[in-house]
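What Swiss-Prot lists as ATP binding site is G614, P615, N616, M617, G618, G619, K620, S621, and the listing cites sequence analysis.
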Amino acid sequence: MSTIENLTAHTPMMQQYLKLKAQHPEILLFYRMGDFYELFYDDAKRASQLLDISLTKRGASAGEPIPMAGIPHHAVENYLAKLVNQGESVAICEQIGDPATSKGPVERKVVRIVTPGTISDEALLQERQDNLLAAIWQDSKGYGYAALDISSGRFRLSEPADRETMAAELQRTNPAELLYAEDFAEMALIDGRRGLRRRPLWEFEIDTARQQLNLQFGTRDLIGFGVENAPRGLCAAGCLLQYVKDTQRTTLPHIRSITMERQQDSIIMDAATRRNLEITQNLAGGVENTLAAVLDSTVTPMGSRMLKRWLHMPVRDTNVLVSRQQTIGALQDRFTELQPVLRQVGDLERILARLALRTARPRDLARMRHAFQQLPTLRAQLAEVNSTPVQKLRETMGEFTELCELLERAVVEAPPVLVRDGGVIAPGYHEELDEWRALADGATDYLDKLEIRERERLGLDTLKVGYNAIHGYYIQISRGQSHHAPIHYVRRQTLKNAERYIIPELKEYEDKVLTSKGKALALEKQLYEELFDMLMPHLADLQASASALAELDVLINLAERADTLNYACPTFIDKPGIRITEGRHPVVEQVLREPFIANPLNLSPQRRMLIITGPNMGGKSTYMRQTALIALLAYIGSYVPAQKVEIGPIDRIFTRVGAADDLASGRSTFMVEMTETANILHNATENSLVLMDEIGRGTSTYDGLSLAWACAESLANKIKALTLFATHYFELTQLPEKMEGVANVHLDALEHGDTIAFMHTVQDGAASKSYGLAVAALAGVPKEVIKRARQKLRELESLSPNAAATQVDGSQMSLLMPAEETSPAMEALENLDPDSLTPRQALEWIYRLKNLV
């Protein structure tokens, strides 16, 4: 904006605006003017497009018309929500000076910066989703990543070793805003993400980061947090903390610790796996028919958010898992009485964050009081539950009787939205406030008496006393009787059918009332701030209580789901393997109108890979996904949709299921498929669960078959992972004859004429046929095309019965075989240009080639 270069050419107000705007050049500036927030120049044009509001002009400054857009201050939250959802940040500039005493423009300053990752206002947040601010750092040794939920104070860092792990972490956390260094090399990793913020290199400096974090936590070093030896993670965390301080412009007492997330503590799932399993988001980008949608009947928003974190970070520590299982078992006959009480607790976690940031509104304090009022009942109900983990949660929950009594005394039953509206502090809490209020409230009686007195004295039946915000108190007389107004009645306003007057007595009373109202409101604001000061020392205990209540909500919810949906408690075993009796897909069984066909599964060190064949739509993908989802549920401590489950250690879950062209990156379906396959072959171990669906279908038949065979061979013989390998290549059903630990299973169907019935039952052995033409007919492919396809199928089968199978041998199909050597004569011929040879040279070449052969 060139306007900043010549400030003196502008009006004093525009000079003030331009100076403030220069401090925030890359974000929108909401500049408070009276009852509106105004935007000027390029900001006005952008806001007009983003918010669909009118673009106007405000006079001229420096001889040029000023583009302007404005929004009413009382509707600012709605507009902020729209901007934040589009990844925009906004600096809020307020009037802090008194217009009555200001000689030039009223003093203004930016009081807060609203960004997608640092919002805490409930109007701007998704209630049942975490809203994270993250920072990413990269050097030659790997990545550093830090994520903060400012609405709870939860602060985490990690050090992903490679690009795939970093991509998985970004998808798991899905930050609303992502900070990155100006020299960040892997832009392809983050391009297209919302809320990207480029930051200067010095903000990622390690010594500054340590200093910032120690200052925040009041510590001398970071050893106690277990992050001292995570330099890359600390670089990211330091930048993130600096950014939060810059935007919030206040202390952050609710951010009291930082935790290191280590890969070995949880089951690792890459980005493709999270997407394919539809954990919290379906493949279309929505939330319907996901695992979370089925599993989440939590009664508090903070419980819902915790459940989703559990689903994305399954735990490998069986002690934690068994403890959760026992708690769920203990709560199974209690959820009907506990859930209605817990529902009343609400979102205590986010209320506490707003308290810490000193942005809590009166209704937040009322909700906090209501949450405290539930604790005695909840603690009494939990006292009867015979479970050590439950009793620990009950203890952590606390009771906060004194704080509850304070809020009951101090805050009215149903407070207004904002403290500036007045009427927040309860009568009887503060003597001086009551006196000022009595004076202000006494106005009604006085005005009634004045109106009766003047009406009777003057004999004017249309006379009445009123008040409006612009003209203050007045006496109104109809136009027809206005000529009877006494001489000391001073005309204040003329209306179409009436005249309004002021008298010295009324003016004197108005000053008195307005003074008392102003004094009452100022005192009320002071008392409101003092309430924050009284609550703040208890913040750590309150946050621990909110966390315990959220965990209790998750566990009670899992108990209710287990009971309602007929889930069983899985057993953890030491040896690798998964044994499932009557397993079901948790989502599909809820969507189907007919009963879901349950199926068994047996994977063990002696039976590591299942080759799954059967028709399209026969249920292969459902069977594979349900296995992964049952494993995932077991490793968050939940009961699972099966009659019985025994499950061994799992370190990673991989899925290579379905793919689409990645047009943005210029990658074909086959390239996407091969990239995911390469990731599995490089990173899977004998404790990994691998789902491979239709590998190799994106290329020619023999290429695809060769790749599928080699991948299956590597997974079964070299990696020894627990693998479900679905395929249409019937040649792969020979693998069990050639390799140990591989078995065939199939999903069957019955064909009758042109119709097909899918049995959805898993049986041992290979499928007898594909039923592809029957499925095509079912999909509505024209009959003449199906008829022609049957003819062609018979021709191909008669020409080449199982031709491919005769060419595939496990001992020869490994992709790792060295290429055949090329003969010297062939190499010489390939490099020869016959058109450039003379007859003599050609003759010499013939002799040379003869010698090479």
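From the backbone N, Cα and C atoms, a Cβ is placed for every residue, glycine too.
Feature map: Swiss-Prot annotations on the structure.
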residue: G614; record: ATP binding site; contacts (Cβ under 8 Å, 6+ apart): K620, H746, L747, D748, A749, A767
residue: M617; record: ATP binding site; contacts (Cβ under 8 Å, 6+ apart): F758, V775, L778
residue: G619; record: ATP binding site; contacts (Cβ under 8 Å, 6+ apart): I597, L747, F758, H760, V762
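The ATP site is set by G614, P615, N616, M617, G618, G619, K620, S621; from the centre of their CB atoms, other residues of the chain with a CB within 8 Å are T622, L747, F758. N616 (ATP binding site) falls within neither a helix nor a strand when secondary structure is assigned with DSSP, and so counts as coil. Other Cβ atoms within 10 Å of the Cβ of N616 (ATP binding site) number 19 in total over all chains.
Each of the binding-site residues K620, S621 was scored by the number of other CB atoms within 10 A of its CB, and the lowest score belongs to S621.
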